[in-house]
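Notes follow once the structure below has been shown.
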Amino acid sequence: MQGHPDVINYLVTLLKGELAARDQYFIHSRMYEDWGLTKLYERINHEMEEETQHADALMRRILMLEGTPDMRADDLEVGSTVPEMIEADLKLEYKVRGALCKGIELCELHKDYISRDILRAQLADTEEDHTYWLEKQQGLIKAIGLENYLQSQM
């Protein structure tokens, strides 16, 4: 099925962002695991798996629309401390949210309602799961202090 070139190109852009999110969560999850922060490892590993699912859905849609996926991920921001890692992941989620909103508008403009629905589902996941959880972690660190937070994540 031939898709609109603008939609395909934007889906490719979104794919690169999802691949970056996957890779950033991957390295952060393994760092948490190495540091013995098991709860953070489990949560961020789960986020990595969800970003992989997002990338898969975009890739499948690009192929269905007769486009060519670009598997080169956007740049990563790898933190070196837990607060830096949470901040980097949150910045990435804010960026993804903005890109998804633009993509939804573009899909509606070109009457590609299936792609729009895929992006809307990813937007809901980004806002209601990923972003919300990361913001909550920042609030916990502020409320109980970093040492107590880290102890709670072992």
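Each Cβ is built from the backbone N, Cα and C atoms, and glycine gets one as well.
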Listed in Swiss-Prot for the Fe cation 2 site shared with Glu93, Glu127, His130, one of Glu42, Glu49, Glu51: Glu51
Same-site residue for Fe cation 1 (record: Swiss-Prot; known: Glu51, His54, Glu127; options: Glu18, Glu87): Glu18
Fe cation 1 site shell beyond Glu18, Glu51, His54, Glu127, criterion: Cβ within 8 Å of Cβ centroid: Ala21, Glu50, Gln53, Ala55, Val96, Gln122, Asp125, Thr126, His130
From binding-site residues Glu18, Glu51, His54, the one whose Cα lies nearest His130 (Fe cation 2 binding site): Glu51
C-beta crowding around Glu93 (Fe cation 2 binding site), within 10 angstroms: 22
Between Glu93 (Fe cation 2 binding site) and Glu127 (Fe cation 1 binding site), the C-alpha gap once rounded to whole angstrom: 8
In the chain carrying Glu18 (Fe cation 1 binding site), residues 6 or more apart in sequence that have Cβ under 8 angstroms from it: Glu51, His54, Ala55, Leu58, Val96
